[in-house]
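Some notes on the structure that comes next.
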Amino acid sequence: MSAPAGSPHPAASARIPPKLGGAAASGAAAPAGPGPGPHQQNGPAQNQMQVPSGYGLYPQNYVAPSGHYSQGPGKMTSLPLDSQSGDYYPGLYTVPTQNVVTPNTASQQPGAQQMYGRVPPAPHVVGSALGSFQGAMSSASHLQTSASQPYSSFVNHYNSPAMYSVNSSVASQGLPSTCGHYALSAVSNASYPGVPYPSLPAGDPYRQQMLTSQSALTVRPIRESSLSGQNTAVSHPSPLPPPPSQQYQQQQSLSGYSTFSWSAPGLPSTQDNLIRNHTSQVAANNNPTNTVADSLSRSVMQNVQPPKSSPVVSTVLSGASSTRPPPAAPRPAEPAASVAQPPELSQQKGMQYGEYVNNQASSAPTPLSSTSDDEEEEEEDEEAGVDSSSTTSSASPMPNSYDALEGGSYPDMLSSSASSPAPEPAPEPDPAPAPAPAVPQPSKLAKPFGYGYPALQPGYQNATTPLNSGVPPSSPGYSGFQQYAQQYPGMNQLSSSLGGLSLQSSSQPESLRPVNLTQERNILPMTPVWAPVPNLNSDLRKLNCSPDSFRCTLTNIPQTQALLNKAKLPLGLLLHPFRDLTQLPVITSNTIVRCRSCRTYINPFVSFIDQRRWKCNLCYRINDVPEEFMYNPITRSYGEPHKRPEVQNSTVEFIASSDYMLRPPQPAVYLFVLDVSHNAVEAGYLTVLCQSLLENLDKLPGDSRTRIGFMTFDSTIHFYNLQEGLSQPQMLIVSDIDDVFLPTPDSLLVNLHESKELIKDLLNALPNMFTNTRETHSALGPALQAAFKLMSPTGGRVSVFQTQLPSLGAGLLQSREDPNQRSSTKVVQHLGPATDFYKKLALDCSGQQTAVDLFLLSSQYSDLASLACISRYSAGCIYYYPSFHYMHNPSQAEKLQKDLKRYLTRKIGFEAVMRIRCTKGLSMHTFHGNFFVRSTDLLSLANINPDAGFAVQLSIEESLTDTSLVCFQTALLYTSSKGERRIRVHTLCLPVVSSLADVYAGVDVQAAICLLANMAVDRSISSSLSDARDALVNAVVDSLSAYGSTVSNLQHSALIAPSSLKLFPLYVLALLKQKAFRTGTSTRLDDRVYAMCQIKCQPLVHLMKMIHPNLYRIDRLTDEGAIHVNDRVVPQPPLQKLSAEKLTREGAFLMDCGSAFYIWIGKSCDNNFIEDVLGYPNFASIPQKMTHLPELDTLSSERARSFITWLRDNRPLSPVLHVVKDESPAKTEFFQHLIEDRTEAAFSYYEFLLHVQQQICK
Amino acid sequence: MAFTFAAFCYMLSLVLCAALIFFAIWHIIAFDELRTDFKSPIDQCNPVHALVLPEYSIHSLFCIMFLCAQEWLTLGLNVPLLFYHFWRYFHCPADSSELAYDPPVVMNADTLSYCQKEAWCKLAFYLLSFFYYLYWLRFRLGTRPVSSLHPSAQPGVW
């Protein structure tokens, strides 16, 4: 338990309990086990550890974990600028570091080293659970100096960065070939009959945009090309042949590519240009046709919409549909932003913009392609790296290894990291050759490198990605597109997305177009709904935070609370702060620049008053710019603080200094608490769990200090002594559950690497150890208390597996569910906890930085409402597998297995706190999610995982009349699994409006629904379910009637909604029919409570699928509009509305509910489809239970499978596939999701509209 | 009039009222500290809990005493608060009464401002009732309140 890191932990044994008897002799399972040693109780003494992590000063006594902070002078030398200058690691996962090997570099290194006294933690590990594989891979590759595949991929990536730095002239030089492509595409568009060009009114702003876009094309293409290059890299596992030039470079110096990517710092600009050209050409070369196809296809998919929106849009659409020359489509949007600007500016903007876009686009592929996240991630990481620039001249492999480490899960990496998380070895060897891999993007714009301000340099290696955060892998393909789509109003039919842009134009914004809901039959768009783009100027817009991480329900913030009240819409934020990012600038600097009064981190939305002062955008205080900040590591120039990565990216990650620690960073500690009562053994989950753990043991995020422990319990509690040196695991039984104590506190949590063999032995033995148990009781409460005692010295993660109602000891629960009330329409009781035991324990755990994750696998009522508290307040997560049985319910078993894989290997942050700040005048008043609120704006998160989402309700306390912009900033301070303190900062900027119409124009209906759902959950627990339902209906009624009253020419007979809100009633109806809130349909209490838990803690993307599933027709999948992912063609069928009227007997339909997929097969479905896809000759022969699609070698099977795989990617919960035959009993499951239809207990969509209308008229 | 039971009640309540005022101030400070991030809700709520029960019981004691003393007006003034306390006590989350202030919830701005308002209102109420008791104490003690209380006072003044 003694943390190597020097965690202050008091001797575990407070006293030796008088009775040893409590611990029975070792069980049968542990034959060798000598009796338990003296049992020591963990006294309260252990608890002294406390120390909630916060922002606090860490006293000097802080002991750096040996491995992590290598400060020795020797290291220094080995780590050239890198370490000192601070690492700016772009990608979460892999940081492609390039070292800039410029002649300068070598010469400068020594100097640089001298310059910097402090060596920052060399090994910055960017942790990424997901990325582990890839990260590891990539890192490995990086380590090797030889030019391997990754490098080639890098090259591609580099292109983009190069672009970034490139001047306009460069751009023009850019890639002729690519330009050619684009041009072609443009041409095709034009030729396309459907093209709306002509139709555009002369005055239409869009048209102008189009024009500009074309002019901008030259610039843009380059970006695109770079993208495509990246894409190629991604899609092709095989290494791209490095272009000759590249190789040459490499030969020159290992870091060859770095030179490439960034104009080498020292190189004259001309050289830069040349290099760029090189890269660009390379990119072009690399782009196989299919890459182009990729980009095209993507755009296509966006385009797939119905023709309704603005003409411009339609053009795009048409282009897309026509096989797609789509690239043209995105462009027009971009130019729009720059339209007003003078040509030069516009060009530059265009470039930047383009870059931005590209990045987005490039990121986009990820989601799309990611069948295996890992593989792609690697690529992406590299990409990220490209973007990022590092100031450090000498590249040290460190970054790579770092990344890999962070990825953590990779076994190899672990071993390497064992000694010290930071790959020390790497840096040392490097110094001379300046191995390219190490330095993440050496300077994008590196010029003055070295000369400029040596002193300043330490600040950064940065990978500045010009763009915002990458697209989250989680979002299915379209995420990448969001930007595009948003920019281009027409693209999505969704008016909502148009909001911001259209506002700018003089004409009435599309999002305000009144829609008569009762007349509009097909309200649901054919393509996924994007988040609206805030109505900001183009500069700010492209700097703004990705909507995947940060969304606001109103993208136009009302000026006063009165205005907000008038609009009757909820105001709040939806956060997904720890999402897996494909590219993320990581910054190491001695001083993290923050506002002196409100402690806001410097961000892209601050204003620089002059060179030396900046004005905080949240509290408006004027702060000084620290000397170090004056130096820009990217441009290697002095006096351009506004070009710093912190100011160029709204999502950045800082490596925090010891000021941000209350204690040394904790190691990763995992404890598994397993139910082994008869019920549990019967269900057989142990087999699945142990198997999964064995497979993923090496991929658990962590470093050399990682510790792991196991406990099992039935009516007694069993501990396992896994101390290194034992011949086999030793089982220690504590039967005194009233006063739980820890036998041998020191050896229960053991170092994963030192005791790996013992752990494996235990995992192999566990499933069979309890096969004959007759113990039916479950002492969950005492087991949790024991777990808390075990974890409290360090903190970490406790994973609890429970299969029944706790029946013994503290925290025992009674069955509260009355099955007869399941379908009651009146009162649903017992949604709240029955006891405070779990809540209090959770608060204690939270105080000790321990999170409890609950896996509930029960066939009967287990009172999840009470049990969930243990996770809710300790920032854990909850998994629920109703009627789990490894034999009888194989689909659940498979789901558990997949979920476990994700759960065990995903990224994790420990002892985290998240603070949310907003502009003066706004205040947060309620938080939703799993956490403990420590103060008005501070959430305490014992653990943070990439699948956690949060929601915040806001109120406007003071009028915002004196400001036109408001900003929100979340800062997540956490300890990575590599024992590094990091701060991830997201900043969102939104405009303030004073008219009600503008408020409606900016509604983000999905965010609003998710926030409402969270509020409704609170309401149903604190008040009643029917109250919550009424509140939901009232939300629709109020907002629509408020809107109606603003529209003067309203006919009272019609139900009018602004286009931005047209889906609001539909989503609310969906919510009312959701398991959490439905009445009248038989719903088990646990199912209901689980649905509520998910609403509270799922991020928006996943939650929306839960609320409103997507329905696709899959028996006629075509390649039209398909996208390419990993060399696979993924068809993109249009969305169908959720109504039985869309189901035809001749068809087969796929419903994506987030946590489950249903394939409904119509009775007269084409036999060809059944045979080709399902593998059965006809409808009658399809079995009742079918959970897999066979791998048939037919085109339609391939399409169906690739589509499903694509949908499945990047879900936190792996969806189970159910094939449902029409007329089989299982079809009710399917039909209950058809929310537009009438059911016995609920309205159809049309009836609901009438009901709403009636309420409004009342 | 002499030193009646009613007078005793008022005297006692005067003393205890001072204690209640102290409690109320303490609450205000505690919530203010919460709002300004000085303390974690867990740390803060525990001592607050410790004060809740004494406060409620002291106030109930007043009511019982005034009931016995048949001070109907005073009782009437206190009854609303008494009922409020009962409601608070039995309306606590889940099963444990000590969680009158629920650490996870208390930081919600709504809850926090409610708690603060409640504390301010109570402070005002207790302050007013302090002077009210003082007045009635003097009244119950007889017609020569000041001089009897303060022997040093000059009889000639009266």
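Start at 1 and count along the chain as shown; that gives each residue its number.
From the backbone N, Cα and C atoms, a Cβ is placed for every residue, glycine too.
Unlike curated records, TrEMBL annotations are generated automatically.
Positions annotated as compositional bias 'Low complexity' by TrEMBL: A:1-46, A:246-258, A:361-371. If you look up TrEMBL, you'll see A:225-234, A:301-319 marked as compositional bias 'Polar residues'. Here TrEMBL flags A:324-333, A:422-440 as compositional bias 'Pro residues'. According to TrEMBL, the compositional bias 'Acidic residues' annotation covers A:372-385. Positions annotated as domain 'Zinc finger Sec23/Sec24-type' by TrEMBL: A:592-628. The domain 'Sec23/Sec24 trunk' annotation in TrEMBL covers A:665-904. Look at TrEMBL and you will find A:909-993 tagged as domain 'Sec23/Sec24 beta-sandwich'. Residues or ranges marked as domain 'Sec23/Sec24 helical' in TrEMBL: A:1004-1104. Here TrEMBL flags A:1131-1204 as domain 'Gelsolin-like'. Annotated region 'Disordered' per TrEMBL: A:1-58, A:214-273, A:301-445, in sequence order.
The average pLDDT the prediction assigns to the domain 'Gelsolin-like' (A:1131-1204) is 86. Mapped onto DSSP helix, strand and coil, the domain 'Sec23/Sec24 beta-sandwich' (A:909-993) counts 0 helix, 60 strand, 25 coil. Across the domain 'Sec23/Sec24 helical' (A:1004-1104), the DSSP tally of helix, strand and coil residues reads 70 helix, 3 strand, 28 coil. DSSP places the residues of the domain 'Gelsolin-like' (A:1131-1204) in helix, strand and coil in these numbers: 24 helix, 13 strand, 37 coil. Taken through DSSP, the domain 'Zinc finger Sec23/Sec24-type' (A:592-628) splits into 2 helix, 12 strand, 23 coil.
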